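**Student:** One structure is given below, represented as structure tokens, and several questions about it will come after.
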Amino acid sequence: MDSSDSNSNSIADDVQDLHDPIIPNDANILARMMTQSMDNLNTTSDEEKQNPLKERRTSLSQHPGEDEAITIASLPELAPAKTTLFSPHLTQHRKKIFWKFISINAIIGLFCCTVLPIFWGCLYGTNQYFHKVHYLMVVQDEPLQLGGLSVPSMASFLPEIVPSLPGTWHVYNTSTFMDHYHLTNASDINNKVVDLIFQERFWVAVNVKPNATASLMQSLVQPQSTTPETLFNATNFFQVIYETARDVTSVQAAMVLVVQEMESAYREIYMEQYLPTILAQMDPTNQISSLAPTSLSRATNINFQYWDYRSFYNRALMGPLLAGTIYSLTITVFQFLIFTPLHIRMSQLLTPRHIILYRLFISWITFFFLSLFYCTVSAIFQIDFTRAFGRGGFVIYWMTTWLYMAAVGGANENVASLIFTFGPTYFWFWVVSFVILNMAPSFFPLALNSPFYRYGYMMPMHNALDVYKVIFCDLERSKMGRNYGILVAWIVLNTCLFPFIMKFVGKTLQERAAKEAEAAKAQAQKKAS
């Protein structure tokens, strides 16, 4: 028993002796390092305290036998020691942070002062552009001869109010209007006025229908012969026609407001001058005391009828006609970012020609389904697609959205490819800029904006919104050909530019990779020497 134990111990000792020169006892080494560190604690300089690797090398150098087993090259890389923000060792870093802080904020400030004002500018100084808003006034009412009483038309002083109003007013009487628009029958004037508003020749029309003065005088002179249906009612003769759906943000808030101001001015003149003069000239037997209360009340109640020929009938339309166009634009950005890893992987497998075909195919098919999902949201909330095109309205809406997404999505992909090549951190500057450039001339009427915003006629969002308004509100359709043509032109342009951009980006990345490889090779050779 004792002999076997002694033999086992001797064999273990022999094995340990064989391995001692190669694998030293880690515990002994660690103990010696800790002892050495404690002995030199009071004499170690600040630099040595902050360099534990140097301490370890010094400790190991005192044991030459162990240096043969553990070389410095085999030591693990130590993480840099953390320090305070105001450490003297971070002087250069603080300078870099300071200048980086200044440059980044300067770039953001420049962006805010150059791009954001494009949107604010379309809302500023509206009154100075009112001369581009065209109003129509047609006065069909004529003066009246009642016995020996000459009664001027009750609308005769309306044209006198017009010069004090903003906007460009086109004032006609019956004969001049018929001559200008080649009408042969006066009964066609009312329908023609409505057509001119529908055709977007004018923003607002004021139509004074015939026999307004005759109806007023009949109610005053012969009240006993009138019925409730034939009593004078100003709303039957003074009609204001407009289309809120043409621009939901400005027609009611700005353009119709001008007519309401005219109505107030007209009512004041009528009540203070016109009606008292008429009553004073009437036969003494028909003075105010003998008038029927109802007739007198109707004569003093002057209000215009406001007819919204194409109304913004559903608040839910705010979705597809305003915010929805922004959402669909940003969705095209998200799909590009989500597909980017796949595109990078496929670019390593496909030839240049086929990577271009692959990218175009993926984008168009993705936009096809994304536009369907987007349009389905409007259908879920029961928006009416049938007003202009019947049951086919949803399909037209879907195909229009597909073209719109393809137009803005192609532009986003082309620009994003360039930005990610040179400065990916600035990509969202492009996204916000592109949204504002589309939104500013699309959400507000160009008639109330600076001529600068006329670039909006070529923007995808502006043309898509024009088509959407036709689909949802049954507006005039004559611009649809131009709208679709511009959307298709964007798609064609982006498709033609895409191969050249891919070629440029690929060449740039290859040159950059070659330079990085040469730099890495030179650094490796420098270390080896």
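For all residues, glycine too, the Cβ spot is worked out from N, Cα and C.
The region 'Disordered' annotation in TrEMBL covers 1-21, 42-66. What TrEMBL records for 1-10 is compositional bias 'Low complexity'. The compositional bias 'Basic and acidic residues' annotation in TrEMBL covers 46-58. The feature transmembrane segment is assigned by TrEMBL to 97-120, 321-344, 356-383, 395-415, 427-448, 484-505. Look at TrEMBL and you will find 107-496 tagged as domain 'DUF3533'.
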**Student:** Do we see three or more Cβ pairs under 8 Å linking the transmembrane segment (321-344) and the transmembrane segment (484-505), pairs being at least 6 apart in sequence?
**Tutor:** no
**Student:** Taking contact to mean 3 or more CB pairs closer than 8 A (sequence separation of 6 or more), are the transmembrane segment (97-120) and the transmembrane segment (484-505) in contact?
**Tutor:** no
**Student:** If we call contact 3 or more Cβ pairs under 8 Å (sequence gap 6 or more), are the transmembrane segment (427-448) and the transmembrane segment (395-415) touching?
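**Tutor:** Answer yes, regions in contact.
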**Student:** Restricting to the same chain and to residues at least six past its boundaries, which positions have a Cβ under 8 Å from a Cβ of the transmembrane segment (395-415)?
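**Tutor:** Residues 320, 325, 328-329, 331-333, 335-336, 359, 363-364, 367-368, 370-372, 374-375, 378, 385, 389, 430-431, 434, 438, 460-461, 463-464, 467-468, 471, 484, 487-488, 490-491, 494-495, 497-498, 501 contact the transmembrane segment (395-415) from elsewhere in the chain.
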**Student:** Give the nonlocal contacts of the transmembrane segment (356-383) in its own chain as ranges (CB under 8 Å, at least six residues past its ends).
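**Tutor:** Contacts of the transmembrane segment (356-383) (Cβ under 8 Å, skipping residues fewer than 6 from its ends): 314, 316-317, 319-320, 324, 327-328, 331-332, 335, 339, 343, 346, 350, 394, 397-398, 401-402, 404-406, 409-410, 413, 472, 495, 498-499, 502.
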